[in-house]
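Structure record follows, encoded as structure tokens.
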Amino acid sequence: MPSSPHTQSYAARIKHFTNPTAKLILETMERKKSNLAVSVDVTDPNDLLAIIDAVGPHTHVDIVENFSYSLIESLQGLAAKHDFLYFEDRKFADIGNTVALQYSSGVHKIASWSHLTNAHPVPGPSIIKGLSSVGLPLGRGLLLLAEMSTQGSLAVGAYTEEAVRMARQHRDFVIGFIAQRRMDGIGAEKEEDASEEDFLILTPGIGLESKGDNMGQQYRTPHEAVYVSGCDVIIVGRGIYGTDPKAVSTIAAKAERYMAEGWAAYLARTGQQ
Ligand code: 5BU
């Protein structure tokens, strides 16, 4: 019986995936020694670019919201400068035909620049069909939202199991989950159905100084997420850019701290230190 993927190095797991984005994420994490994704939920495009430039050296994935298409060239320049990927946290949730249009067209043309995006499994497998019709030919990857970090989330139990089953049917495009823990074997009919599988787990709800906000968000430390729960990538927003998106000098230092804690937890988990 092979060892569970979460005890293996990111580099050793590259061969478990056919999807180019999954391979690129694993390669980039290993090269940059970072399993940090910074989530930049700001409204001013200038703040967005300044934050991405500040955190770029410390991160391998940036999550982008609220921008116009004219920003894309600047974003692509920063990705090349700092060697990271984009994950547009779009949370698609509609019928296949509609999500295919949302993914390919409109002002954002997400598929043209974002390596990774995500979708709620609530519409069923047709959402994967719609998104993969656009993303797969471009080598893009998809995460399903199997769990959420919020108090009272409905994405639990049978819902989470169904999400994992849907992903198992589309391994070429669905490379992992937004979840709070590893999904190994969840919802599998037989143990052997899942024994060879590997999915990337990107996990939000990470904070070192706070346990949550006043709107239902719940935080764990990088160690709890990566070492205890086996998640692969920590997604950090306000823990890094705080309440003042203009405070770029402190942002880089905070990103470095999350990156160091996330990487130490990964090394400990995989027996590399
Ligand atoms: P925060 O500032 O670190 O709380 O931001 C977390 C980000 O992760 C934010 O962009 C959310 O949209 C995103 N998120 C989350 O916090 N919890 C979830 O379950 C999901 C996404 Br799905």
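Along the chain as shown, the residues are counted starting at 1.
Cβ from N, Cα, C; glycine included.
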Listed co-binder of substrate (same site as D41, Q217, G237, R238, source TrEMBL) among S105, S149, S153:
S149
Would you mind pulling the DSSP three-state label for R238 (substrate binding site)?
helix
About how far apart, in whole Å, are the alpha carbons (Cα) of D94 (active site, for OMPdecase activity) and G237 (substrate binding site)?
26
Summarise the model's confidence over the domain 'Orotidine 5'-phosphate decarboxylase' (35-253) as a mean pLDDT value.
91
Can you tell which of the recorded positions (D41, D94) has the fewest other C-beta atoms within 10 angstroms of its C-beta?
D41
Among all protein chains shown, how many Cβ atoms are found within 10 Å of the Cβ of G237 (substrate binding site), not counting that one?
21
